[in-house]
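*Asks:* For reference, the structure I am asking about is given below.
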Amino acid sequence: MVYWIIIMSTFVLDQLTKARAEKFFVDSPVNLLGGILSLTYVQNRGGAFSILEGKRRFFIIVSIILILFLCYMIFKSTSNLYKFSFSLIVGGAIGNLFDRIVKGYVVDFIDIKVIPVFNLADFFITGGVLLLTFLILKEGGEELFLKKKP
């Protein structure tokens, strides 16, 4: 149950921040931290780093498959940390999928200058992938499906 709350919370937070970006940053970006960080509005019609721009249908199909697979992994995994990492990825993926279906593009707005502009969904996906990678490297993936001891 808690993992579905994490998924919904990340989705809602992502959508709320994107709505604010659309309202306030379209014509007037905000520079913060001496210009190191900017809040600006960007329509991303590709994937991460704007790769495969214009391949909307591809990203929708891949996102749906990934979301379904990771929801299955949440259900099957016995490790709370794995479930948490999957939940972050799913919540972020749903946020970007929603944008692609409803708007035809993903709203990005966080600009740190040294990396491409991104959004909170991307942040959650990246955090979930980093945690998952760390867990697999640390544990070898054994914790994914081990049965809990009675």
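Just so you know, the numbers here start at 1 and follow the chain as drawn.
Each residue, glycine too, has its Cβ placed from N, Cα and C.
What you are looking at is a predicted structure, and each value in this text was computed from that prediction instead of being measured.
OK, Swiss-Prot features for this one:
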- Asp108: active site (ACT_SITE)
- Asp122: active site (ACT_SITE)
- 58-78: transmembrane segment (TRANSMEM)
- 85-107: transmembrane segment (TRANSMEM)
- 117-137: transmembrane segment (TRANSMEM)
*Asks:* So what's near the transmembrane segment (85-107) in sequence-distant terms, Cβ-Cβ under 8 Å and 6+ beyond its ends?
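*Replies:* For the transmembrane segment (85-107), the sequence-distant neighbours (Cβ-Cβ under 8 Å, at least 6 residues beyond its ends) are 3-4, 6-11, 14-15, 18, 21-22, 41-45, 56, 59-60, 63-64, 66-67, 70-71, 73-74, 77, 119-125, 127-129, 131-132, 135.
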*Asks:* State the three-class DSSP label for Asp108 (active site), counting H, G and I as helix, E and B as strand, and everything else as coil.
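*Replies:* The residue in question, Asp108 (active site), is strand (DSSP, three-state).
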*Asks:* Name, in the order they occur in the sequence, the residues of the same chain whose CB lies under 8 A from the CB of Asp108 (active site) and which sit 6 or more residues away.
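*Replies:* Residues satisfying the criterion: Val42, Gln43, Asn44, Pro116, Val117, Phe118, Asn119, Asp122.
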*Asks:* Note down the number of other Cβ atoms within 10 Å of the Cβ of Asp122 (active site), including every protein chain shown.
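*Replies:* Excluding its own Cβ, Asp122 (active site) sees 21 Cβ atoms within 10 Å.
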